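Step one of this worksheet: look at the structure below.
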Amino acid sequence: MAKKVQAYVKLQVAAGMANPSPPVGPALGQQGVNIMEFCKAFNAKTDSIEKGLPIPVVITVYADRSFTFVTKTPPAAVLLKKAAGIKSGSGKPNKDKVGKISRAQLQEIAQTKAADMTGADIEAMTRSIEGTARSMGLVVED
């Protein structure tokens, strides 16, 4: 028989840098999960990813206090900022442009995000990423 699910915990944790301090500790501690066990497993799974990149993770906590987790790809905004070489997006994206990004870079980001996005094809996913870039104040160049 399948285990009974007690809770789902959604967090964004820096790749390879999970530790028991907030936000990981309190979120998992409330559910009675072994925090160090999660941190070791998460860090092992994300050691191939660039350290410090925020990785969304969905942790399924079962009634017997065991857990499983699924990692997602980094948020599109983080990948766009990294590709454009900027610290943060524009506060006024329609007026102040903060950087430029090429269509090839957008397609590369869409390929990275393809596993988590529900778009029909890579072109649709690229357009979605392009919209995110524009809302951050990035200029898309052909």
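Here, residue 1 is simply the first one shown, and the rest follow in order.
The backbone N, Cα and C atoms fix where each Cβ goes, glycine too.
Residues or ranges marked as N,N,N-trimethylalanine in Swiss-Prot (evidence: experimental evidence): ALA2. Counting every protein chain shown, 5 other Cβ atoms lie within 10 Å of the Cβ of ALA2 (N,N,N-trimethylalanine).
Residues or ranges marked as N6,N6,N6-trimethyllysine in Swiss-Prot: LYS4 (among others). For LYS4 (N6,N6,N6-trimethyllysine), applying a Cβ distance below 8 Å and a minimum sequence separation of six or more within one chain yields TYR62, ALA63.
Marked as N6,N6,N6-trimethyllysine by Swiss-Prot: LYS40 (among others). In the three-state DSSP scheme, LYS40 (N6,N6,N6-trimethyllysine) is classed as helix.
Here Swiss-Prot flags LYS72 (among others) as N6-succinyllysine. DSSP gives LYS72 (N6-succinyllysine) a coil state; it is part of no helix or strand. Here the Cβ of LYS72 (N6-succinyllysine) has 14 other Cβ atoms within 10 Å, regardless of which shown protein chain they belong to.
For LYS81 (N6-succinyllysine), the same-chain residues that are 6 or more apart in sequence and have a Cβ closer than 8 Å to its Cβ are LYS87, SER88, GLY89, MET136. The annotation N6-succinyllysine is assigned in Swiss-Prot to LYS81 (among others) on the grounds of experimental evidence.
LYS40 (N6,N6,N6-trimethyllysine) counts 12 other C-beta atoms within 10 Å of its own C-beta, drawing on all protein chains shown.
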